[in-house]
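Notes follow once the structure below has been shown.
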Amino acid sequence: MPRKKAAAAAWEEPSSGNGTARAGPRKRGGPAGRKRERPERCSSSSGGGSSGDEDGLELDGAPGGGKRAARPATAGKAGGAAVVITEPEHTKERVKLEGSKCKGQLLIFGATNWDLIGRKEVPKQQAAYRNLGQNLWGPHRYGCLAGVRVRTVVSGSCAAHSLLITTEGKLWSWGRNEKGQLGHGDTKRVEAPRLIEGLSHEVIVSAACGRNHTLALTETGSVFAFGENKMGQLGLGNQTDAVPSPAQIMYNGQPITKMACGAEFSMIMDCKGNLYSFGCPEYGQLGHNSDGKFIARAQRIEYDCELVPRRVAIFIEKTKDGQILPVPNVVVRDVACGANHTLVLDSQKRVFSWGFGGYGRLGHAEQKDEMVPRLVKLFDFPGRGASQIYAGYTCSFAVSEVGGLFFWGATNTSRESTMYPKAVQDLCGWRIRSLACGKSSIIVAADESTISWGPSPTFGELGYGDHKPKSSTAAQEVKTLDGIFSEQVAMGYSHSLVIARDESETEKEKIKKLPEYNPRTL
């Protein structure tokens, strides 16, 4: 199986682990630097979940190729006005979204020295926090959450921060906060879950975490964003280093029902099944047939970031002989993002993937980056469709409609990659209820059990307990959670979060026996 060379992989993975450095002399697209003029092209509408004008994308030959469809300049670029998606009030749906039906107590295990996660050492400006937080090798409960019932936990494969939504729909956050991604109005690290005051008047139904940014969705379908906005990943129409308080994104279309965040980009889906993306276009992960790359002055490479949500207008399939055909009438039902790739599940149970192709994470049996959503062939057969999708840092998962779990990409990037979807034999016959991926570890709630695996080094996110093996290449039951029913699992870069059901007295007793974690604070 071909494997991405280390040198090539360096293009994607941060060289210093701090999430900004990249190989080569490239500069990340910032507000500085003159944007070069691009020739206008005719546009025609095609694909997508509903009508509405949108850039037609040229599909002569392979998509991408650095081409981009012409469009009006976005705010902050050449002084043009941002093109904000707007739906007239009388045709706008009125929705009241429901949050998850789960109820339980939050458990955490893994790395909790938030500023050290994914880095060799704590940065100088965070030096005071150097010795705060430890690796929790088994499940713990937070002392400060006694009596708080949780319905959703959220983190991300690139994230060193976490969120929880209470049964009342209130959003709490904690962890790394260098860019204000916790939404508390400052950039101070927070050791244990704390209510986001700026959203206390809203009922939050779901949320998503990028590397240093956060999106929150209200019950009426509005989206609030906070954290890093250097690449426009907050969708506020500008590029700024940090936005520490929740701000509503520049979008006035149909209500949003689903969201996902990659490392430095975001995806939102409306109630009609249209998909919109914004942020860093570097590997084509926004799906607009371009990687947004251009040469600025002094031969510097910069990126033309999308600063407001823009519709993903075209979906394609490639035939065996290399022909590219548009796939019309795609109605999106779910979306998931890895560090630099995106997966979509549509109403016909088909899966599309695009963005960074390294390690085979797109499932197209090749490592090419894809600039527009491309059909993953395996799930395009009657009875073979997908029912759930999940994206890891460098891998992808799907659960088929008959319940089989499929995997492609790589969790351990120093070993063989899986270039197309393959059944996960270890979990054959298990009913997958919830799955989450960290940087290289996986955790699954299946039937009555919790299962995890991941290569070394790990930091406790597998939950096997003290004095037990720290890593496992094969799926293993998490024995420390025996008798505890996991309603939902979530994973950050190297920590795990579980909602433990606490309906019966026996369940409450089991949870009570777990150690309490009361982190030291400054």
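Keep in mind that glycine also has a Cβ here, set from the backbone N, Cα and C atoms.
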Region 'Disordered' range according to Swiss-Prot, out of 460-480, 502-522: 502-522
Site from Lys92, Lys96 that Swiss-Prot describes as N6-acetyllysine, others unannotated there: Lys92
Correct range for region 'Required for interaction with RAC1' (source Swiss-Prot, candidates 318-325, 366-373, 382-389, 414-421): 318-325
Around the Cβ of Thr342 (phosphothreonine), the count of other Cβ atoms that are within 10 Å: 30
Residues in the repeat 'RCC1 2' (168-219) grouped by DSSP into helix, strand and remaining coil: 3 helix, 23 strand, 26 coil
Secondary structure of Thr342 (phosphothreonine) (DSSP, helix/strand/coil): strand
Rounded mean pLDDT for the residues that make up the repeat 'RCC1 2' (168-219): 98
